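One structure is given here, and the rest of the page talks about it.
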Amino acid sequence: MTRKFDGDRLLVATHNKGKLEEMAHLLSPFGVSVVGAGEMNLPEPEETEDTFVGNARIKAHAAAKATGLPALSDDSGITIDALDGAPGVYTADWAETGNGRDFLMAMTRAYTELEAKGAAHPRTAQFRSTLVLAWPDGHDEVFEGIAPGHLVWPIRGEGGFGYDPMFVPEGHDITFAEMDRWEKNKISHRGRAVDMFVKGCFDG
Ligand SMILES: O=P(O)(O)OP(=O)(O)OP(=O)(O)OC[C@H]1O[C@@H](n2cnc3c(O)ncnc32)[C@H](O)[C@@H]1O
Ligand SMILES: [Mg+2]
């Protein structure tokens with residue numbers, strides 16, 4: 001098996017601990033361990049684009065430029081059909097309190113907006129993950145994964161992170177937050193995007 005990047009540790013340009021743990025688990029079967037942007041003391045760049053790929057590019061290129069290493073970023077979020085795709089790229093912003101993030105507040109907003117619209121059940125939604133592998137020479141590669149499902153209320157489960165307690169993936173009746181620790185990775189948007197990354201970056 002050959003790989004397109006050198007060394008065993010891959011820089012993952014994220015400051016989200018939940019994402020980093022999932023990436024570490026998803027990549028370990030390929031002999032790749034990860035190091036997060038936080039551990040490398042890299043700043044968190046402002047995500048000023050209005051697309052997942054645009055923001056993923058900002059994060060990956062900032063990390064690659066700062067370190068001279070290839071860097072893999074993840075920009076992700078949830079699109080809710082009855083809310084015309086909101087919160088989408090603003091998924092993290094819905095949790096912003098001005099003093100950290102509150103995901104119960106963000107999930108409550110999603111539920112409240114669905115109720116206000118009288119949205120029918122099932123309230124379909126998709127988790128989306130766009131990975132960008134950026135190289136120090138400025139070029140990049142893009143990989144995407146989608147997990148379809150629906151939203152439930154009240155929220156259920158203690159696992160995962162972010163909006164996991166309100167999301168039931170298609171073909172299941174428990175939320176991502178109710179799944180055993182690594183079950184989510186087998187079917188998640190991030191798991192699917194990492195599959196594409198692995199296919200694109202390894203041969204043999
Ligand atoms: O930008 P980085 O540093 O990677 O970390 P972040 O948490 O800010 O990540 P994003 O900018 O990509 O925002 C994604 C938002 O979507 C949420 N999200 C993404 N993937 C998720 C998942 O697998 N389960 C639950 N919520 C998720 C997450 O909690 C964030 O609020
Ligand atoms: Mg972010």
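Backbone N, Cα and C atoms are what each Cβ position is placed from, and that goes for glycine too.
What TrEMBL says about a protein is an automatic prediction, not a curated fact.
A 10 Å cutoff on Cβ-Cβ distances gives Ser76 (substrate binding site) a total of 25 other Cβ atoms nearby, all chains included. Annotated substrate binding site per TrEMBL: Thr14, His15, Asn16, Lys17, Gly18, Lys19, Ser76, Phe161, Gly162, Tyr163, Asp164, Lys184, His189, Arg190, in sequence order.
DSSP classifies Asp75 (Mg(2+) binding site) as strand under the three-state reduction. Sequence-distant neighbours of Asp75 (Mg(2+) binding site) (same chain, 6+ residues apart, CB-CB distance under 8 A): Glu47, Phe52, Val53, Asn55, Ala56, Lys59, Val89, Ser129, Thr130, Val132. The Mg(2+) binding site annotation in TrEMBL covers Glu46, Asp75.
Look at TrEMBL and you will find Asp75 tagged as active site, proton acceptor.
Taking Asn16, Gly18, Glu46, Asp75, Gly162 as the candidate binding-site residues, the subset whose CB lies under 6 angstroms from any atom of ligand 1 consists of Asn16, Asp75, Gly162. For Gly162 (substrate binding site) paired with Glu46 (Mg(2+) binding site), the C-alpha to C-alpha distance reads 19 Å. Sequence-distant neighbours of Gly18 (substrate binding site) (same chain, 6+ residues apart, CB-CB distance under 8 A): Gly160, Phe161, Gly162.
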